[in-house]
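Annotated in TrEMBL:
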- B:3-131: domain 'Dihydrodipicolinate reductase N-terminal' (DOMAIN)
- B:Gly9, B:Cys10, B:Ala11, B:Gly12, B:Lys13, B:Met14, B:Asp35, B:Gly102, B:Thr103, B:Thr104, B:Ala128, B:Pro129, B:Asn130, B:Phe131: NAD(+) binding site (BINDING)
- B:Arg36: NADP(+) binding site (BINDING)
- B:134-269: domain 'Dihydrodipicolinate reductase C-terminal' (DOMAIN)
- B:His158: active site, proton donor/acceptor (ACT_SITE)
- B:His159, B:Gly168, B:Thr169: (S)-2,3,4,5-tetrahydrodipicolinate binding site (BINDING)
- B:Lys162: active site, proton donor (ACT_SITE)
Protein chains: 4
Amino acid sequence: MAIPVLVVGCAGKMGREVIKAVHAAPDMYVIGAVDRSHLDADAGEVAGIGPIDVPITDNLEVSCAMVAQERSPGVMVDFTHPRGLYDRVRTAIAYGVRPVIGTTGIAPEQLADLAEFADKASTGCVVAPNFAIGMILLQQACLRAAEYFDHLEIIELHHDEKADAPSGTALATAQLIASTGKAFNPAKVEETELIAGARGGLVPGNIRIHSLRLPGLLAHQEVIFGGTGQSFSLRHDTTDRSAYMPGVLLAIRKVLGLKSLVYGLEKIL
Amino acid sequence: MAIPVLVVGCAGKMGREVIKAVHAAPDMYVIGAVDRSHLDADAGEVAGIGPIDVPITDNLEVSCAMVAQERSPGVMVDFTHPRGLYDRVRTAIAYGVRPVIGTTGIAPEQLADLAEFADKASTGCVVAPNFAIGMILLQQACLRAAEYFDHLEIIELHHDEKADAPSGTALATAQLIASTGKAFNPAKVEETELIAGARGGLVPGNIRIHSLRLPGLLAHQEVIFGGTGQSFSLRHDTTDRSAYMPGVLLAIRKVLGLKSLVYGLEKIL
Amino acid sequence: MAIPVLVVGCAGKMGREVIKAVHAAPDMYVIGAVDRSHLDADAGEVAGIGPIDVPITDNLEVSCAMVAQERSPGVMVDFTHPRGLYDRVRTAIAYGVRPVIGTTGIAPEQLADLAEFADKASTGCVVAPNFAIGMILLQQACLRAAEYFDHLEIIELHHDEKADAPSGTALATAQLIASTGKAFNPAKVEETELIAGARGGLVPGNIRIHSLRLPGLLAHQEVIFGGTGQSFSLRHDTTDRSAYMPGVLLAIRKVLGLKSLVYGLEKIL
Amino acid sequence: MAIPVLVVGCAGKMGREVIKAVHAAPDMYVIGAVDRSHLDADAGEVAGIGPIDVPITDNLEVSCAMVAQERSPGVMVDFTHPRGLYDRVRTAIAYGVRPVIGTTGIAPEQLADLAEFADKASTGCVVAPNFAIGMILLQQACLRAAEYFDHLEIIELHHDEKADAPSGTALATAQLIASTGKAFNPAKVEETELIAGARGGLVPGNIRIHSLRLPGLLAHQEVIFGGTGQSFSLRHDTTDRSAYMPGVLLAIRKVLGLKSLVYGLEKIL
């Protein structure tokens, strides 16, 4: 039976992609759409795929109640803001709706609260900072390569509207690799940085990240491992927001079989 | 205790690298060196690292007997020709010397014979077409990515003294991915190749390989996976023959704990 | 004084970009918009930038007459089909409107006719198969590199909705380099193509083109020159149709100073 | 008639390459070889190409006198140290021998002295910090691209034995581009560097250089230009010291036709 999906933040950039992807998937359907803007407009129209007979509402509770009336257990997808997230997850779970959360910037203590709440309710919940499967595969392959290579550096390249450097994803990649506890990049010679910053930003694990910002670029990350006589490079390019949808659909399918909160798409790959 | 290592083909390009690497490793030493050329010359001198007090001989049997007299079990490393390989392995095993074989072009039936022989003797033996750990990591990461991506192509770039295209390693990568049984690269549109060969060489698994040959290049392989809105690329560059040595040293250490023939470095990573 | 611009094919993908770009440029404005669809709709609305008070019409002659009444000489931009192009250019020139043509697939004899017509009328006209300035710079840099390097290969990568291989632009790059008359890629060894097509498609100049087609890719071209101990690679990535607009705006500004037909953006860079 | 060439620093890494390249070129020959080490040894033997009947000497003056006795005007190639360079050039010119200087680290005032000396003697002299033709072509193409693109960043990647960052060549590329006087990389958003150095080293022209150091790498430089919807990247890879030889041979041929000191290989391309 098809999975009913409630999309919170349905009028946002990611929300609209979720509406499109869920509507197009054969094993699920959009049952509700929540946003503070575009009230009463058709969620499909707002997403640019024509009417799907789902009016946008700002009442999450009523929406969850509606999902609960479907014959199959439902899923709530939330790509919005950390503010109010705890309450939204609580509401969803109270109605037996499983949350799939792509909202970023959640504080660690809030995440712990959510995990505890999902655990008590024995309800599956997926929270992930990144739904691009290719990026998760890159990170996992890096973790493996880090066992055999002692040297690596990270380059991340983004469009020039991105204010922060390095990117959260590049930092997450570095932290994951550093979590092996290995001391990377032992120096062969004493380095001199003639111009401050030339050697990039140093993060735990003694790993350097280099951030480029240029118009015409989208979102790219490259990790280069170097060893005697060889190098191994892994690169992920995101060319469109649709890149995240296979990961979101995967999470929607997998969350139904979980009994607690799972953090990171890699846990369900 | 340090591992005594016998290097067959010690005057060849790879053999000289093996002499250097084994001599430099703290947990092993060169006990013998076999070649048909440079007889009686010092193997270290021939390898360019100065004398190591190991004269080159063409008598494998005597060399194996010498290894057998050491206090620790020894290893024979062979980067030569498939011709005579079966006899060399047999001789080594007869003396309790474990073979590590990097010789390429071994016929499948010969490989089966070697496996049977090693198995009967309960003696470890490692045969691998590629000892570059980075390349093995690339291939394994590709195998994993192939679970989630349906589309990929392979580019391999080599110096212009390489006659065959595609490279054996690129072909091996394609075959490994194809072994998943998945039908890759389903077409979205009907393709027209306006110039024959533009779309590359098609190998089983519906995978295309593109081979470039240029002076100034060394040995490079890139696998590009494409999915909606994203691509994931893995690239391995070999800049020097020393790239293979960490893999050879790893095999020397691991073969001592094996009881049969193992094919492929990935099995012992 | 600002330049009045008439956009033919204004409801097409490129036409809408032209409407946006011309409207945003400080030194020009959209005076008219021609298309067979979206009649009477506002060209700005169709382009997604809100109303600009320019209704779409299918009457090119009336539109040209309107341009002729402006105080400054005007320009017609045409990104449509070769069919009818000669008549459209004739009409424009008859009203003193300078054509900037991005329509591809024009037959050589038709191009010659257009050139003759523009010449007789002493009216500037720009026809270009590619308005991406970066690609023109790549091609010009290749032409220069081809003086010093004897070896090169071309890789072009596109999304999997592109049916033809190789791409017209890659072919144009190869033809430009081949036009030097040099015999590129002299072989060092006798090559064996174990799998047909592995070495790519061979075009005049003895240049090989390798075409990749994958979802997640956009439009990319890479030219790799190889020489003893070095390689020099040039890569152009198009991530959005807006890439062509700086070239279109440049042509609009330059065509006013011309007296005949100019083919190729490189002529006015 | 073939050009007699005197190689100073013939036993050094670059000097040995020069010996090899000059000896192999059909239109020139090694007439003399100067070094402080390997005295009396054959310069060809030291370079690894077998005897060429040119003993190494430490007497530059005698060597120059010998060149002067040849029927064709000769050239002195010097890849050594800045110390004593002025005297060596003076000696060479006194004997009518044209200097081709690849020695790096020459102080600006010393360079001015050399220029004045060459000028007074009406004798050609070529001084260049980089003889890799591909790199010169890259720099020239960047200069051209900088006319049309407002945004660029530079990445340079080297082996981990290189102590200084950024590389002199990357810095030279940035300085060349900055010399256009253009203010590059106007910011679209206010940037925040969460980790110091992440955004690279800032050099005049508001250009950022990112330096990577990894084993397995050789010498690589990439310049990425970004514009709306497109990027244009130029990359040079040096895989062997032989990369510099075509540039050295070119300078040897061209210096004979000059009457003054020329700085930079680009001036004679």
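Using the three backbone atoms N, Cα and C, a Cβ is placed for every residue, glycine included.
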Spatially, and counting Cα to Cα, which of the recorded positions is closest to B:Thr169 ((S)-2,3,4,5-tetrahydrodipicolinate binding site)? Options: B:Lys13, B:Asp35, B:Arg36, B:Asn130, B:His158. B:Asn130
Looking at Cβ-Cβ distances, which residues of the chain lie under 8 angstroms from B:Thr103 (NAD(+) binding site) while being 6 or more apart from it? B:Asp78, B:Phe79, B:Thr80, B:His81, B:Pro82, B:Leu85
What is the number of residues in the domain 'Dihydrodipicolinate reductase C-terminal' (B:134-269) that are helix, strand and coil, as DSSP sees it? 44 helix, 43 strand, 49 coil
Can you give the mean pLDDT for the domain 'Dihydrodipicolinate reductase N-terminal' (B:3-131), rounded to a whole number? 95
Per DSSP, the domain 'Dihydrodipicolinate reductase N-terminal' (B:3-131) contains 49 helix, 28 strand, 52 coil
Measuring Cα to Cα, how far is the residue listed as 'NADP(+) binding site' from B:Asn130 (NAD(+) binding site) in Å? 24
Output field, (S)-2,3,4,5-tetrahydrodipicolinate shell: CB within 8 Å of site CB centroid, site B:His159, B:Gly168, B:Thr169 dropped: B:Glu156, B:His158, B:Lys162, B:Asp164, B:Ser167, B:Ala170, B:Ala219, B:Gln221
Using Cβ-Cβ distances, find the residues under 8 Å from B:Gly9 (NAD(+) binding site) that belong to the same chain and are at least 6 apart in sequence, listing them in sequence order. B:Gly15, B:Val34, B:Asp35, B:Asp78, B:Phe79, B:Thr80
Where among the binding-site residues B:Ala11, B:Ala128 do you find the Cβ with the fewest other Cβ atoms within 10 Å? B:Ala11
Based on Cα distances to B:His158 (active site, proton donor/acceptor), point out the closest of the binding-site residues B:Lys13, B:Ala128, B:Gly168. B:Gly168
So B:His159 ((S)-2,3,4,5-tetrahydrodipicolinate binding site), by the Cβ count within 10 Å over all chains shown, scores 17
I want to check the contact list for B:Gly168 ((S)-2,3,4,5-tetrahydrodipicolinate binding site): same chain, sequence separation of six or more, C-beta distance under 8 angstroms. What comes out? B:Thr104, B:Pro129
